[in-house]
Every structure is written in C-alpha cells, then in structure tokens.
Amino acid sequence: MSTTVPTPARLPASAPLRLLLRTLRQQVRVEFSATLRAAEFVGGALAIPVILYAMFGLPVASRVLPGGASVGAMMAVSFSAYGVVSLAIFTFGDELAKERGRGWTRTLRATPLPEGVHLAGKTVMALGHGLLVVVAIGLVATLVGGVRWTALEWVRVAAVLSTGVLAFSTIGFALAYLVRPRAASIVANLVFLPLSFCSGFFFPIADLPEFLQRLAPWLPTYHFGQLAWRQVGSARDVEAFVGVAPRPASVHLTWVLGCFVVFGALAVLAARREAVARRS
C-alpha cells in the first residue's frame, strides 16, 4: 500500500504583493485612527492654516496682481504650502521621534511588520491631511474670498502642494533620528519657522531684512513656493507677489528634489546607525 505525500499549493507570484498592499492598507487605517483620536492634532493641522488665511488673506483677496492673478489666490497657495510643510515636518519629525522615545520603533523591528510599511502608512496619512488643508483653504478662498479657480488649476494646485508632503517628509525623518526625542519638538520648530517665514509664505521676501533675503534662495521651501505659485499666476504675478523674480521651473524643481534626496540619505544613515548601535 502506497501513500502520496501532499505537496503544498504553490502561491501565485502576486501573493506577496497582495499581502504587502493589505498590510499597508491596514497600517494606513491605524494611522488615520490614531490621528482622529488626537482631535487637537487634526484641528491644529487643519484649522491653523485656514485661520491664518482668514486673518491675512481674505482682507486683501480682491486685489489683483499685474499679471491678472488675485492676491487671494496667491495667498491661498501660500498658506496651503505652510500647512503642508508643517504636516510633513511635524508628522515625521516630532511624532516619529516620540515613537523612538517610547521604544515603539524598536518594538516594531521585532514584529513581522516591515519598517517601510510603517513609514509608508504615515506618508499616506500625511498626504491625506495635506490634501484636506488644500481643499479647506481653497473652499474658504472660493466661497468667502471670491477667488475663482478653474478645474485644471484646482488639480494642479492640489498635485503640486501634495507632493510637498513627500518632498519635506525626509526633513522630518532626519530630525526624528538625529535629534533626541525630548528635543524633537523644539528643533522641529527651529527648522520649520525659518523655512516658512523666509520663503515668502507670509509676506514678500523683499520686505525681509537683507541677510534673510540672501538666505531665501537657499531654502527648499522658497523653491517649493515658487513652483506652487506658478500654478495660479504668471511669472509676473509671482514677482509682484513675492518681490523676487522666479527662475526657470527646472531650477526650483531641482532644489526641491535635492532636499528630498539629501535629507532622505541622512535619515537612512541615522536610522541604520541607531539600529547597529542597539544590536551591539
């Protein structure tokens, strides 16, 4: 009498990918649930840019720049960019540093969950909140400020500003692994505030002290703003609004991509250094 040993069924080649996507989907759900439970985080991330736009943008929304764009539209882009950069730096910098301080990132390494999925979940969550910021400010600008954007302008503005979450997330990652968890919030503010105030988000760069005017073109947020403003205004409008003539889009894009790559490399090196130190 012979017996046949059953052979295990061969998994389809797409099974690992499906498993990874399912894991990512669950992680995204966890991240959104966590932020929704922290109402002050969601309220601050969404409300502060909208309040700032209502205070500073709506009173001058009807003014028209030389090229035909309204000041209200340009300031809507400015405060949306402010909100997006804030989300990127604080979601990945302050929050991830707190997780390090609690030992959560070390615990994750002992689980089957890939660390990349954990970070990707945070990225998708920040992208979602960033898009909410853009939509919220855009609605206030349209319904209250009388700003009129075409459907194509809405899509372009949302696309460019949302990529800011990805572009500046690496600054947050680098801070999270290079700074002590207790100091992360302070250092994140020390980085974020100059990036915002010296890039033309709040007032023209020409109104800054001379040494800050010279500093502005070296900041990635300045170049990010130049890319975003061009979605609703001409080069002439941008120069009148910011006080500085824009350079070709390729130059500004190169700076933003360079920021992503350089700080991403720093973050990876710092994370690996920490992992090696904990194993030794």
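Placement of Cβ uses the backbone N, Cα and C atoms for every residue, glycine included.
Per TrEMBL, the feature domain 'ABC-2 type transporter transmembrane' maps to 75-269. Summarising the annotation, TrEMBL assigns transmembrane segment to 34-56, 68-92, 131-151, 157-179, 186-206, 252-271.
When Cβ-Cβ distances under 8 Å to the transmembrane segment (252-271) are tallied for each of 68-92, 131-151, 157-179, 186-206, the top count falls to 157-179.
The transmembrane segment (157-179) shares more Cβ pairs under 8 Å with 68-92 than with any other stretch in the list 68-92, 131-151, 186-206.
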